[in-house]
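A short worksheet on the structure shown next.
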Amino acid sequence: MDHPLPQLNQLFDYRIPVELLDDVVPGCRVTVRFSNRKLKGTVLAVRDRAEFAGKILPILDVVPPGPVLTPEVAALAQRIADRYAGNLADVLRLALPERKVRVEKEPPGERLPVAAPPLDHWDRYNAGEAFLRALRAGKAPRIAWSAVPGEDWAARLAEAAAAAAAAGRGALLVVPDQYDLERLDRALTAVLGPDRHVTIANSTGPTPRYRSFLKALRGEVRIVAGTQVAMFAPVADLGLVAVWDDGDKNLVSLHAPYPHAREVLLTRAELAGAACIVGGFARTAQAQLLVETGWAVSAPGRREALRAASPRVVPIGDDADLAADPSSSTARLPSVAWEAARKALAADLPVLLQVPRRGYVPAVSCQRCRSRAMCPECTGPLRLTGPRRPPVCTWCGRVDDPHRCAECGSNRIRAVVIGAARTAEEIASAFPGVEVVESNASERLDAIPAGARVVVSTPGVEPVAPQGYGAVLLVDTWAQLTRAELTASEEALRIWMNAVALCAPTGTAVVTADGGLPVVQALIRWDAAWFAGQELEDRRELGFPPVMRFAALTGPIGEAEKLAADLPGDLGAEAIGPIPVDEHTERLLLRVRRRDGAALAATLAKATAERSSAKAEQVRIQIDPREIA
Ligand SMILES: [Zn+2]
Ligand SMILES: [Zn+2]
């Protein structure tokens with residue numbers, strides 16, 4: 001039922017009138033009467049008799065074009081609702097796009113054949129060729145793929161999709177944003193030929209989205225590529241799911257129950273018996289957990305492939321050391337970076353300068369040993385709220401006064417407040433006569449023409465250069481490394497690798513960070529798997545996701561605590577907080593062992609439904625909240 005109230009998170013029985021007997025089938029949309037309102041609903045099952053003993057209302061009408069919810073997606077939707085303590089109706093709203101009558105009247109196309117792809121590009125990876133062969137044989141292999149620098153990842157994903165299609169099965173590929181999707185779209189057309197795939201994204205508008213949905217549903221195309229809104233697409237005979245750059249927060253849905261595309265696709269792989277690629281230049285702790293539990297095989301670049309593809313990566317101390325570098329007076333660029341840039345420009349190649357986004361949370365770290373400052377109570381990240389004020393925990397709200405570093409015992413903290421990212425003008429003055437262009441979230445450059453120029457970009461929006469960049473300079477890295485966020489290091493490596501991946505193999509990447517840091521070592525050796533293994537070990541020790549599962553409860557003051565207090569004790573849920581969100585709202589975190597995650601979700605869903613029936617104020621539940629997972 002398309003009804004948002006949590007207490008209606010249940011199924012309802014309706015009678016099928018004789019005239020609709022042939023039309024009412026599982027997966028079709030219907031109109032029904034519910035508490036004197038006409039509502040739309042989805043038929044989940046058709047039975048000979050009702051389970052409900054009371055008076056049963058008839059179905060009023062069947063909404064064309066017939067069944068839109070496939071059995072596979074129906075099962076998936078229920079699993080995701082359970083996983084995220086959500087409402088089945090909410091998940092179905094994510095899965096079923098808005099209907100466009102006009103599109104239904106369009107003549108159906110015919111399915112075009114897909115030829116088997118070449119294997120040699122995947123040969124560059126451990127287990128890569130074997131993966132593609134297994135896929136072509138209709139099997140369901142699963143890999144955590146770490147791409148080598150400069151990899152045409154979109155083409156590799158397209159080849160994997162072609163391998164699945166050649167075996168007579170479908171593929172679903174999900175990427176973080178529209179730009180990635182456009183790149184994947186072009187690669188799919190190049191590898192498969194035209195009209196063998198569709199794309200699904202919010203940005204295309206409801207009509208094209210519904211058209212793509214119907215083509216997939218009818219099996220006219222076997223391959224669907226999209227942003228996270230495509231994660232429930234009804235791909236027929238699903239044989240492969242793939243997610244690219246799964247550390248990108250864009251993959252988390254902004255709509256209840258806020259599922260992560262990676263989790264949805266992993267669940268789909270299990271339900272459909274499909275192959276799976278969790279890929280990126282970097283690797284998340286979640287992907288590493290798949291490897292360590294034996295669910296997926298690690299597929300990093302082979303040694304020779306890595307050597308051939310990797311630019312030189314040079315670390316040059318952190319920003320504090322740079323301040324003392326006399327040659328860095330102009331635009332504060334260290335001399336090594338200067339040299340790399342000059343050399344690139346002389347060779348008529350572009351230079352990429354990655355600068356931090358403004359407005360990061362002021363973070364705190366130890367001045368002596370530089371480890372991230374964390375809360376002694378809950379191990380959450382600390383932040384500063386003002387000068388000469390003690391640090392405060394972002395999770396539980398505890399004021400850490402006096403503060404002592406958990407690693408070295410020092411009481412001296414180092415604060416990093418971002419807000420004054422260097423400007424393009426500042427950079428331009430350092431390179432007289434060279435064109436300087438900017439790319440940022442609000443004005444993004446997709447690609448640049450060949451030739452010498454300087455590109456100043458914030459992370460995640462770096463334009464692609466035709467022959468690769470001659471130099472990639474990662475500056476102000478301290479801002480990234482000390483973000484008051486659990487995943488700060490993992491996220492730093494991810495955005496650095498994504499930038500260095502754009503460098504030509506003959507180029508030089510300069511990272512203004514201490515070469516002794518594990519995260520910098522991982523970048524130099526291009527070993528995201530090793531770093532993810534370390535990260536996972538740390539998180540296991542500290543009780544962080546994905547080893548532990550978190551839920552965020554956000555609601556009116558006092559309500560989240562009340563809900564948490566009513567949870568059964570045997571769940572072992574640890575309450576962290578609450579902290580104020582605004583004047584009237586607060587947020588409480590709950591932490592349980594991973595294996596108790598399902599029980600926590602079920603309990604929270606039940607508690608929410610009970611509160612709703614009792615007309616208590618709503619508390620929003622987020623399992624794996626975006627800012628923590
Ligand atoms: Zn310390
Ligand atoms: Zn705390």
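The backbone N, Cα and C atoms fix where each Cβ goes, glycine too.
All TrEMBL annotations are machine predictions without curation.
Listed in TrEMBL:
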type: BINDING; residues: Cys366, Cys369, Cys405, Cys408; note: Zn(2+) 1 binding site
type: BINDING; residues: Cys375, Cys378, Cys393, Cys396; note: Zn(2+) 2 binding site
type: DOMAIN; residues: 4-97; note: domain 'Primosomal protein N' 3' DNA-binding'
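Each of the binding-site residues Cys393, Cys396 was scored by the number of other CB atoms within 10 A of its CB, and the lowest score belongs to Cys396. Ligand 2 lies under 6 Å from the Cβ of the following binding-site residues, listed in sequence order from Cys378, Cys396, Cys405: Cys378, Cys396. Comparing CA positions across the binding-site residues Cys366, Cys369, Cys405, Cys408, the one lying closest to Cys375 (Zn(2+) 2 binding site) turns out to be Cys405. Within the model, the domain 'Primosomal protein N' 3' DNA-binding' (4-97) carries an average pLDDT of 90.
Among the binding-site residues listed (Cys378, Cys393, Cys396), Cys393 has its Cα nearest to the Cα of Cys366 (Zn(2+) 1 binding site). Over all protein chains present, the Cβ of Cys378 (Zn(2+) 2 binding site) has 20 other Cβ atoms lying within 10 Å.
A straight line from the CA of Cys405 (Zn(2+) 1 binding site) to the CA of Cys396 (Zn(2+) 2 binding site) spans 18 Å. Checking the binding-site residues Cys375, Cys378, Cys396, Cys405, Cys408 against ligand 1, the ones whose Cβ sits under 6 Å from it are Cys405, Cys408. The local packing around Cys405 (Zn(2+) 1 binding site), expressed as other Cβ atoms within 10 Å of its Cβ over all shown chains, amounts to 20. Within its own chain, Cys408 (Zn(2+) 1 binding site) has Cys366, Arg368, Cys369, Ser371 as residues 6 or more apart in sequence whose C-beta sits under 8 angstroms from its own. For the domain 'Primosomal protein N' 3' DNA-binding' (4-97), the number of residues in each DSSP class (helix H, G, I; strand E, B; coil) is 27 helix, 17 strand, 50 coil. The residues near the Zn(2+) 2 site, meaning same-chain residues not in Cys375, Cys378, Cys393, Cys396 whose C-beta sits within 8 angstroms of the mean position of the site's C-beta atoms, are Met374, Pro376, Glu377, Thr379, Gly380, Leu382, Thr394, Trp395, Gly397, Arg398, Ile576, Gly577, in sequence order.
Using the Cβ center of Cys366, Cys369, Cys405, Cys408 for Zn(2+) 1, the list of other same-chain residues with Cβ within 8 Å runs, in sequence order, Gln367, Arg368, Arg370, Ser371, Ala406, Glu407, Gly409, Ser410.
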